[in-house]
Structure formats: C-alpha cells, structure tokens
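Working notes for the structure below.
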Amino acid sequence: MGVKDILSRKTGVIVGDDVLRLFQHAQEKVFAIPAINVTSSSTVVAALEAARDKNSPIILQVSQGGAAFFAGKGVPNGKQEASVAGAIAAAHYIRSIAPSYGIPVVLHTDHCAKKLLPWLDGMLDADECYFKLHNEPLFSSHMIDLSEESVEWNIETTAKYLKRAAPMKQWLEMEIGITGGEEDGVNNESVDNNSLYTQPEDIYTIYKTLSAISPYFSIAAGFGNVHGVYKPGNVRLHPELLSKHQAYVKEKTGSSKNKPVYLVFHGGSGSTKAEFKEAISYGVVKVNLDTDLQYAYLSGVRDFVLKKKDYLMSAVGNPEGEDKPNKKYFDPRVWIREGEKTMSARVQEAFDDFNTSNQL
C-alpha cells in the first residue's frame, strides 16, 4: 500500500487528516519526508520536479526571510508585512501549480521565533479566512520555534497556538532544545552544547499537554543538530536520544505504539546517511534541508556562467563572431534553469537517503 492509497486527496496540497495519515504511514514504513525550503517559484519548481521524478510526497516550506524574499526585497517588513504577504503568495502559487506534478504536497512554514510571532499571527489570519471559504486552512502546517525561551513558556505558548489551529485540523510543529548554528538571521553558534540535547521528561510534558488539545502536532527535539554545513566531526549528533524519548512517552502514557511521537530532524544539511537512517528508525517523519540545496542551486548557475563566460560578457559578440547575439545565453530562463536542475538532483538524493522514493 502506497501513500496515495491512504489519502483522500491524492495530488496537490494536503491538509488535516491527510497530513496525519501521511506521517502515520511514514512511521509504519520507516521513511521521512524531505522538507525543502523554497524562496521563489524557481525553487518550488525544482523541488516539485524532484518529488515527481522520485514518485514521492514532499514538504515545501517557507521561512520568515524566504517569505519576505518571495514578496520582494522592496516591500517593507518592519511589522512582518512582507513575510506575511510573501508566505501567502507562495501558498497560493504552490496550491495552483502542485496538482500539475501529480504528487501530494504538505505546505508548511519554517521556524517562527518569539520575535516573529506577528508573522505567524498574520498567516493564521489568512488560514482562518481561507477556512471560511474552503473548509480547510491555506497552509497545511506551521512551525513555532520558542526553543530559546523557558520550557514552561514554550509549552504554554505553543499550546495557545495549537488551540487556534485545532478547529482547522491544522498541523503545528514545535521545537524543544536549541538547534545550533545559524539560519535565516537566527544565530545559535555560541550556545552551550548541553542546550542542544532535549530531555525525555520535556518531550513527555509537551506530548501530554498538546495531545489533550489536538493530535495534529510534531516535535523537533534537539539531539545535537546544527543549522548549516560544517566539517565532518564538528557536529556530534546523538539520534539514539530519540529512541529514549519514544520509550519514555510510551511508558508514561501506556501507549500501544512504540513510536507515539512524530519527530522532526532539523539541521539536516551535511548529516550522514547513517545518521538519517537511525533517526528515521526512531520515528522521525520530516527532515529539514536548506543549506545543501542553496549550494546545489548555486552550483548549476555557477558552472553555466563559467562554461559560457565568453558568451556572457556582452549582449552581442562572442568567440563565434563579433556580430553574434548572446541572448540564448543571458536569458534568465536559461541560467536559472541550470540552478533548478542541480537543486532538483540534490533533492532527489534526499528522497533516496530518507527512504521516500517510490512511496506513492
């Protein structure tokens, strides 16, 4: 049985119970869905092509900075207005184009720290407006990241937002335990290493609190994760901690499931296949990738420019003749497409690494 056999909506953006079914199926079949950060229609297309070609479900997500870029750098963002508008624009674009690729897509928003809560509020306003018209939220899910705050305030505030999302059957991802490194303007490179590891007791408290509100939630637990890419050996991941979290929650709740918690792997760029495989075996259903894909996109553009540099120095004139036009080389559709190709190839690798290929 494949993913499409269990979903009520087979292609395009899925919501509510379909998201829950997808994550349940992922745990049962021991695979995780790549969560790809997108910042433009071009990166959306690259990711969707990879999922189609690998016959796989995919998660597309926009960060606060990525959403602002989607809106345009000329739009003011002092009150998160560009990030709200850009996220909504990305959502409508993805909803419009995703069915053409014949795959199920989870439409998600990435890290929302305390200072960015107005961004989340604005998107939830849009979700509720969309829900009134279509009986489903605009976004499949959101991510609230209050891991830098006290555990108590983190859980209390996350619960408040889950209560708002629950009537729409909207998924909410939360983070406990800081992910190191730097991403999208949030810098945790100097945090104490002990802060990178979540305790089982905290996972249970979160699970108990949130499950009383809604089943539509997942937890990004810290097990040494770091955003960005670093030299081998500089990042010490301990995926085995995730197994302890599952066992502790199972014991405390008396659950019949060996993996009662839907877990998320943040800071996936640069991790080894073995680390991915082990984490997924402990109930990770979503793995975030961003930095690797940024570099993959660049590599296609870079290689094209270096290879064709003699055709890119002027609009007219190249090694074939001083009157020869170069439009077919400098047309943005040409070199942007090269970036899409290399990014798509890297996303395809992720489907293989996470055992997601041919799961539809």
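Glycine too: its Cβ is placed from the backbone N, Cα and C atoms.
Noted in Swiss-Prot for the protein shown:
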- Asp110: active site, proton donor (ACT_SITE)
- Ser63: D-glyceraldehyde 3-phosphate binding site (BINDING)
- His111, His227, His266: Zn(2+) 1 binding site (BINDING)
- Asp145, Glu175: Zn(2+) 2 binding site (BINDING)
- Gly228, Gly267, Gly268, Ser269: dihydroxyacetone phosphate binding site (BINDING)
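In sequence order, Asp145 are the binding-site residues from Asp145, Glu175, Gly267 with a C-alpha within 10 Å of the C-alpha of Asp110 (active site, proton donor). Put simply, His266 (Zn(2+) 1 binding site) is 9 Å from Glu175 (Zn(2+) 2 binding site) when counted between their Cα atoms.
In this structure, the CA atom of His111 (Zn(2+) 1 binding site) is 5 Å away from the CA atom of Asp145 (Zn(2+) 2 binding site). Here the CA atom of Gly267 (dihydroxyacetone phosphate binding site) lies 14 Å from the CA atom of Asp145 (Zn(2+) 2 binding site). A Cα-Cα distance of 13 Å separates His266 (Zn(2+) 1 binding site) from Ser63 (D-glyceraldehyde 3-phosphate binding site). Cβ neighbours within 10 Å of Glu175 (Zn(2+) 2 binding site), excluding its own Cβ and spanning all shown chains: 26. The number of other CB atoms found within 10 A of the CB of Asp145 (Zn(2+) 2 binding site), across every protein chain shown, is 24. Shown are the binding-site residues His111, His266; of these, the residue with the fewest other Cβ atoms within 10 Å is His111.
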